[in-house]
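Asker: One structure follows; several queries about it will come next.
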């Protein structure tokens with residue numbers, strides 16, 4: 001017993017001693033964490049260079065765009081062929097995907113040889129061989145008569161400009177077929193298939209084995225966004241933000257980047273860690289000076305590295321008592337599979353003895369221990385280096401996402417990772433130390449990269465079908481110039497109907513006389529109160545207007561909320577609330593004594609019989625207060641003031657917000673004769689010739705007409721351009737069948753149109769993984785401000801995702817792109833429709849005056865116009881295209897329509913004074 005313990009102790013001491021000797025001998029191969037972190041930094045820099053348009057031509061890490069933009073989402077289906085060429089054998093698979101049965105994937109495959117004479121022969125020989133194997137495979141399965149979609153895993157560095165094209169940059173591994181470098185491998189394969197003429201195949205996608213691995217694992221885990229191969233060769237790919245990929249147009253979404261990291265160090269950046277053995281391996285390789293990182297880490301070279309170390313140590317008398325055999329000196333006699341066998345925990349030393357005996361060196365126990373440790377150092381260095389480069393990718397992903405902690409999945413394949421007994425454990429452990437702020441799940445690709453090629457093909461098919469359906473849906477929102485000219489023509493016809501006495505009562509566009517007969521002339525003077533009611537907020541203003549050489553307008557205002565229960569309660573409650581707010585404001589300003597003139601901006605359709613009387617025709621914008629429609633709102637206000645018995649006011653003018661906006665801008669710019677509001681609601685007004693206003697006596701001069709154009713289309717004249725979504729929004733609104741034009745244009749409804757489209761797309765599985773969340777079911781969730789933010793050019797997709805998350809919608813990058821697209825289509829149509837309406841107005845003014853050209857200014861207000869990044873530009877462009885004989889300027893109303901109400905009141909007071917004197 002004691003003897004056995006002594007023997008074990010002696011053997012352990014002996015082993016430790018041998019290990020220390022080897023550690024010392026191979027010191028250069030043992031990399032500290034500090035060195036590995038430095039390598040991470042270097043690789044991160046190389047990645048950046050590869051992605052940059054300026055540095056890519058000279059970058060060693062090529063960072064090749066793959067044009068794979070999306071990982072599987074589980075809805076893929078179909079029957080696909082996959083070719084997998086890149087190693088010692090060539091595999092063909094038939095992959096049948098059925099998403100209805102728990103993502104069921106049925107695969108059958110066959111392996112074909114790629115003999116040396118073919119991989120080192122001509123390109124046409126190689127692709128003839130591939131085409132022959134594919135024909136044999138299809139013949140056996142009786143599918144030669146089908147034009148099957150084919151995914152091609154081609155595991156060599158390729159330049160791609162689309163997913164079904166791949167120009168070989170350089171052969172790697174043992175391949176050297178002539179005439180292929182610089183050529184499109186898809187064309188070469190298609191040519192070989194065509195030459196045979198006995199079957200047809202549609203090559204939909206070419207992918208690298210790394211991309212194939214990511215896609216294979218991505219089918220099982222949708223968080224998989226990195227692919228890693230550690231086998232005969234090594235490489236990695238990951239999903240990069242498109243905005244960082246200079247070589248590809250566009251900045252929306254993500255694309256898989258094939259790093260081709262095997263070439264890391266080809267520019268000399270790893271010389272400080274390369275050893276004499278690495279240099280010797282490189283000198284004896286098929287591609288000296290290339291793939292230097294791969295030659296330090298991949299399965300093709302590890303066995304050879306160990307052999308070179310053993311030869312040198314034997315020559316120096318440190319192993320095998322200096323014995324060197326012809327076998328030990330022969331390249332390829334010591335393989336990576338031998339390294340794996342020797343590093344096994346229990347039988348490793350026994351395996352070492354067997355393998356070394358096969359090489360004829362008659363090893364001692366010491367030799368076996370030493371050789372085992374040499375293998376450990378070489379394979380451990382490989383694991384450490386791969387951990388460093390993968391760590392750089394993970395840090396980049398984390399920074400791209402802007403999250404303090406990354407959670408992701410890495411799909412892995414390759415014989416070294418799979419079969420080496422210690423490799424994966426060491427690799428994971430090092431990675432955790434290097435990137436402690438990343439939680440990484442490693443998912444082994446059980447089916448190789450061939451299934452991934454089929455998945456890329458399936459995704460390409462799914463995306464093409466989705467794209468077709470999305471385009472089909474959104475096409476209904478695209479308006480041609482002819483369609484817009486027709487809208488302009490119809491608006492003009494409706495305007496005429498509203499102006500004529502005979503047709504006015506039945507007209508949809510009411511063309512209401514405002515009794516505002518002129519714009520300010522600069523002589524207005526005095527202090528005026530203004531009320532502004534038109535949305536969920538209500539403003540009370542004190543406006544001090546001073547005339548003279550230096551005209552000034554000084555304003556003080558306070559905003560009050562109108563609760564929903566008052567908006568939809570009784571008329572008395574609404575006007576009592578308004579008077580209560582006025583009372584508070586008069587106290588706040590200390591002006592409750594004198595009877596002041598007041599202008600009331602009342603932004604709802606009213607029939608006016610004079611400047612100070614407006615009979616409400618209908619409520620819009622969510623208001624539903626009872627006992628108001630059909631009554632004079634000025635009288636309702638006066639009655640409420642009387643009920644309060646605190647103060648008195650002189651209600652001089654009832655004006656629409658659009659008229660107020662026109663007057664505000666006309667005070668600054670005399671050519672302003674049109675007012676436009678595009679905010680919660682939408683409306684326009686303009687100065688019409690009195691002779692055309694049949695509803696008011698007299699035909700001298702002009703009068704501002706409040707068009708109430710929101711009701712355009714209420715008679716069905718826009719039904720041919722209204723979509724299914726417009727009808728849905730209308731149906732569920734408070735005023736179904738009314739304000740149809742407004743519901744296609746204004747901020748109150750655009751978000752609802754978007755929401756309904758998103759629900760439809762989610763039901764079809766195009767968005768949010770097909771899950772309709774509670775927030776998405778909530779009406780009114782998409783406010784104008786969110787649409788404006790989402791469509792901002794300055795906003796990266798991450799910020800779009802953040803906005804959607806704020807709304808309770810968890811989106812992927814692809815989801816964010818589609819949401820942004822939908823918002824853009826809906827808001828573009830709104831701007832074009834608004835422009836068509838405005839074109840009708842300015843052309844009418846021009847024709848009224850018999851002018852060949854008209855110069856006119858439009859005063860504009862409203863949140864959609866002000867805040868949306870593209871609305872105003874598209875609207876201006878539309879007006880320009882549809883009314884080429886009008887030079888139209890747009891002036892933003894900075895002070896809102898309240899100031900306009902005060903100016904109208906001032907004009908009214910001036911005219912009243914003039915009349916009485």
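Every residue number used here counts from 1 along the chain in the order it is shown.
The backbone N, Cα and C atoms fix where each Cβ goes, glycine too.
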Asker: Region 'Mitochondrial-binding peptide (MBP)' per Swiss-Prot sits at which of 1-10, 11-20?
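Answerer: Range annotated as region 'Mitochondrial-binding peptide (MBP)' by Swiss-Prot: 1-10.
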Asker: How many Å separate the Cα atoms of residue 90 (D-glucose 6-phosphate 1 binding site) and residue 337 (phosphoserine)?
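Answerer: With distance taken Cα to Cα, residue 337 (phosphoserine) is 20 Å from residue 90 (D-glucose 6-phosphate 1 binding site).
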Asker: Going by DSSP assignments with H, G and I as helix and E and B as strand, what are the residue counts for the region 'Hexokinase small subdomain 1' (73-207)?
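Answerer: Residue counts in helix, strand and coil order: 34 helix, 49 strand, 52 coil.
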Asker: Could you round the CA separation between residue 86 (D-glucose 6-phosphate 1 binding site) and residue 337 (phosphoserine) to a whole angstrom and send it over?
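Answerer: Rounded to a whole number, the Cα-Cα distance is 19 Å.
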Asker: Roughly how many Å lie between the Cα atoms of residue 84 (D-glucose 6-phosphate 1 binding site) and residue 337 (phosphoserine), rounded to a whole value?
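Answerer: Cα to Cα, residue 84 (D-glucose 6-phosphate 1 binding site) and residue 337 (phosphoserine) are separated by 22 Å.
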Asker: Given the binding-site residues 209, 413, 415, tell me which ones have a C-alpha lying within 10 Å of the C-alpha of residue 337 (phosphoserine).
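Answerer: Close binding-site residues: 415.
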